[in-house]
Structure formats: C-alpha cells, structure tokens
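This report concerns only the one structure given below.
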Amino acid sequence: MAAGGRVFVVVMGGDCSGDGSGSDGGGTYKLKVVQGKTYLLRIINVALYSELFFKIANHTMTVVAVDACYTNPMVTNVIVISPGQTIDVLLTADQPLASYYMAAHCYDSLGDAYDETTTTVIITYENATPSTPLMPNLPAASDTSAAFKFYSSLTSLVNGPHWAPVPLKIDEEMFLTEGLGMVPCGANNTCGAPLGLQFAASMNNESFELPTKLSMLEASYYNLTAGIYTTDFPKYPSVVFDYTNISNNLNKALVMTSRSTKVTKLKYNSTVEIVFQNTVGEQSHPIHLHGYNFYVLAQGFGNYNPITGPKVFNLVNPLKRNTVGVPVAGWTVIRFTANNPGGGGGGGNDNGKMFVVVVGGDCSDDSSGRGSGGEWWNANIIDVENQALADGHGPNVSDAFTINGWPGDLYNCSSTGTYKLKVVQGVTYLLRIINVALNNELFFKIANHTMTVVAVDACYTNPMVTDVIVITPGQTIDVLLTANQPPASYYMAAHAYDSLGANFDKTTTRGIITYGNAASSTAPMPTLPAFNDTPMAFKLYSSLTSLVNGPHWAPVPLKVDNYMFVTEGLSVVPCEANNTCGAPFGLAFAASMNNESFELPTKLSMLEAFYYNLTAGIYTADFPSYPPVAFDYTSLSNKLNATLMMTSRSTRVTKLKFNSTVQIVFQNTALLGQQSHPIHLHGFNFYVLAQGFGNYDAVTGPEIFNLINPQRRNTVGVPVGGWTAIRFTANNPGMFSLLYL
C-alpha cells in the first residue's frame, strides 16, 4: 500500500553529491516540478556532526512540521537543520519556468576546521527551456543570528494532530552544562587537545561511557545493574562558574572531566524540566532525547538566569520536537513527561556527550511490569518457515508457549524455569502485555484477579475491567493490575485461541505472581476459556472503545475518499515441481486477499522502486479494491470449491492519495475452513468501526459503525466467519504492507 502524491524526501549529509562538492557535475539530483503546484518536502539531516543551512533560489518555503510534530505555518527562505532532525516544508512552484538550485552548507559557529563545501540539487520546472540554474545566497557558515532566528521563531500548532498542552507542574528539575571537556591521553597515544590531553564531550562534567559486560536495558530489565551503571548522574554541575566566559576556555580545573556510566532515574509519568547550558568553546550543540518529544520553552544567549529565564517561557504553543540546538554560548530549556518506560539516552552530536534516563525503574519497581507471550520451537525458526513455504502447508506446531521467555512448569523442559513477578499488596501495576508468538492468538488470565484494560497498541482506551484478555500476534495491551488479594502466589496463564480446530499447539504456559511476605502455598490456577471460545474472543475485541480527548486522540474522519472490500483467508496455488504439498488436491496453501497472494520482488525492493520511479517489472499499482467474484463468503457449502479457492501470486499494490481517508471492510472466507485472521497495517493506526459475523451487508453494516469513540489500533482480529470495518487517513508517505497473520 503506497501513500503517494506530491511528496518528496530530501536527505542531506550523506556521501559526496551535487556539482558543488567536487564531483564531476553529472551526479546532481534533479527534482521536476509543475508550475502552480505545491509540494511537501520532508528534509532530513543525516550528517554525523554538521548543522546545515538549506535554501532554494528565488523560492520561499512554509515550515509545517519538525520532527513529525506540526507547527504553525512559518514562511522562510532559509532553514537550518541539526543532525537527526526532520523539517517538513511546503514548496509552491510559483516562479518562471526555469531551473533553480537548492543548496546546503555547514552552519559552524566555532569557526574551527569544518567541511566548507556546498551541496546542490536542481529543481527544474516542467516545459522549461534549458538554462543555467540560479544559485541561492546561503547565509555565512558562522551566521548564528540567522540560525537562532529560525530556531526560535517556530511554534506548535495548538489543537493540531497529536497536540497536548504543556504540563505546568514540574516534578524533576535539572541544569546540565554541555560542551567539550578533556581527559588524560591514553598510553602511547598522541592526542590533539590542548595540554597534550584528549577531547571528551561531557554533561555536568561527566563523559558517558557505554558498559561492556551487559547492555544497560538488559541490566535494568533483569535488575543486574551492579557494575553496569549507577543512578547518581548529577542534576547540577559540580562547580558553578561563568559558563560562557571565553577566558575559562583552557582552565584545566574546569575542563577536565571523567568517564562514567551514570544515569538519572525518573518516576513514571513525572514531568521533567531541563536547562541545557552551553559552556566555553562557543559552539552550537544539538541535543537529542531518545524515546521522547519535548517542548522547547525558551532559548537565549549567555548564562541562564533562573529568575528572568522563566519569564520568557512559552507555555502556550512552544515548539515540540526530539532534537534541538543549544545556541552558541547560550542555553535552551525543555520540558517533557517521562511516560515511556525503559532507558532513553539524551545525547549531543559528539561522542560521549550523553546521559541516560531510566523511566519506570527496574523489574522490582512497584509501578510497572512487562509480559510477553511467545512461541518456542525445538528447531531453527527460519527452517520452520522455509519448510512451510517449500511444502505448501502451515508451519509445524510450536513445542511451547512462553511468558517472558519461560515456558513454565507445565513443560518438562522448564519445570524449574517459571517466570515470577513479585508484587506488594495494595499496589497497582501497569502490565504491558505483548503477543510475540508467530501464528497464535492467545487467551491470558490471572487467577483470582481482574485487569483493567487502559490501552491497546499504544492507543488509550476507556477503562474496561475483565478477568481475561485475548491478544493477537503483534498486539500490545496495557492493563492495570491491583494486588488486592490475600498474600499468596497466583498463576498467570496463557493458551491458544484457535477457531479452526485444526492442528495447533494445545499446551499452556504459565508464570507466577507472588505477594511479598506471602507464606509458601500452592498457587491457584486460572480457568482459561476453551481453545475455540469465539464468543468470548469476540466480546473482548468488540467491547473496547477509545478514550476521547485522551493523549493523541483525533476524531474519526467522516468523509471517505477510498472504499475497499477485501476478502481474506486461505487459498491454494499449484505445488512446485518435485514437491509434495499439504493442501487439498495436492496443492499448496497460499494466503490471499481478493484472490491475490502477495509475492515479494527479487530484483529491487519495492520502496527503492517507488522512490526512483523504477516500478516496471517490480510491482503494479492495480491491486483490486473488490474481490473478482462475489459469492457466499462464509458458507461452508463453498468449502473446497476449486474454482473459488485457486489464487495467483502477484506483486500488486494500491496507490493512495496523500491525506485521503480510506475505509476497508475485511471479509473472512470459509473456502478452506473458518478461522480468525488478525490484520496488521504497517505505518498507521486505524479506527475499528465495527465487527460482525456472516457476510458484510453494505446497507445494514454502516448503521452499527461507531463513529464516536471506536477503538484505535494497528492490529485487529477479523472474526471467524465474519468481517471487520476499519478507517484511516493515509498521511504517512511511503510504502507499507497490509497483511493478515
């Protein structure tokens, strides 16, 4: 599925390109435009260290987004972009028919050794007479005023998609100096820093060093942090001084730093404010925070003043992004909510300038937990897949299910290897449950406890209390679990939901929840639904609704531009020569949609073909919007109907106009038996408008559509012998797979 339209991606900072960079002049990228049309340019800086000025001769640009966050439209004739940043601009081809250069070169405030070349691209108007392209006048490489004006003029689009107000209550405050420090030169080395020392980027006089024994995320997850990292990263600099006074540039007492692996631990959902203070050296330093967007409240020059600084904070519509420049000899203030559990790095554009934020604590923390349900084969999983593809039948049944990698004590191979979760009576835990199985939907239940579903696929839901959940491969479900039972041990368990009743893994995996200070006792086992309990699965899937006006909520689009009706299920194709296939009539199974079984191209990836407009022989844009034959899709009387169940392999896509609204009805078929089929759409969330059994009725179906608060997710089950209707906006340019699992 390709979301197209007049969208172009401009990637800067790669290898030598353009006829202004010392190449032969024949390798300049050319962009053809039509006079009067407006184009969305997604500009990305993939350089390692250099901020870049970017300009197009005789044209203005309208900035509409930065780092995938919408901005108030800002007209400019030049942008500055830091490594890792993205900027979306609208470009209207409103000039006379001719050719025009777009060009980029470094912004370097230090004036030290840097790449002084200029890269160029040519914009050519359709039907223009060949002519020498006009060159834009780029700002000087050291033009800090132009850079600061651009950075500080951007504001967020309040009430735009994914907008959330600035949090006003601050739980954690930090003041971080950042810049170049120095460390002793390694033995037998000749180092390039003053005084024979070695440069080392630092924050608050700490130069970050990665551990070598174990990754920090693993150490956090398994609570094995000793010798890996410490949680004492300083929230303030060790010495207060005149940070931006150039006379301190070679003050050894101030510039000497130490290498360490220190992190800051933040409470989940706390609000954090950080002042980044640039230090001596007078160089702009971009800051990136992994795993978060943040609000840029203010920027300025000189030393930050905690009295006057907050008076200029923008708390109404500050820019929201994940990478920001700290002005040369200046400061930047950001604010964010620590609502992404895990470890996130805050880093500059120099190796070593980094601090790590651990949100949610380690596994013994009393606020969150993780649970993943998976599958285990006593074989190489790639071999399992290859054998299934070669023989034309489903993959071999797995040997076990797992919870957080442990099959549990019902399996002989894992009788002493059961996952254990310790809880404290009266505390409520957030469990993020993930199904990482390859083929099986799973029922999951905890003995004597209820769960409150609060999110699915990272989209908030209205709270729903249940004692069992069903989860498809690739889905995530966030539930609140309150430890409100007598102190003891309780099993959590999972087994397959399989509506077809064919050959599947009938085993059960389980873990143990143990209350602190509980006496040893036999843990009660939850009673899981039957493997084929479709009414229970349907009830759970169809009862969820979205949290209207919650974070990232957006209303359901009511005007539909593209309608599709897609049948999905198992079909058959001819068995390859010299193979014995497992489908009826000696044929091979092949999953299909609208009687097309997708086949990946071998010559070139589809995204490359799309990007370079080399689609001939790679794919065609004629995937059918409706099945070729209408029939009684869910009637078992059509089971093994050779005319209907034969399919063909193809590489067909559907091309969608950018920002169009798409509605798809997925219709389950019964040609080779009725089975629930989860659907996943890469690159998008969608609204689940309705689900039902039998054949979808185009007249009565829309009457039950939930257009007020439908659940929003990226993976949904299509009921056995039934249908699911979804709707989404094609606002993510690129090429994405839509598949059933």
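Cβ atoms are placed via backbone N, Cα and C, with glycine included.
Taken from TrEMBL, the feature domain 'Plastocyanin-like' covers 20-128 (among others).
This prediction places the mean pLDDT of the domain 'Plastocyanin-like' (233-342) at 87. Residues or ranges marked as domain 'Plastocyanin-like' by TrEMBL: 233-342 (among others).
What TrEMBL lists as domain 'Plastocyanin-like' is 374-518 (among others).
Sorting the domain 'Plastocyanin-like' (623-736) by DSSP state (H, G, I as helix; E, B as strand; all else coil) yields 11 helix, 47 strand, 56 coil. The feature domain 'Plastocyanin-like' is assigned by TrEMBL to 623-736 (among others).
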In DSSP terms, the domain 'Plastocyanin-like' (20-128) comprises 0 helix, 60 strand, 49 coil
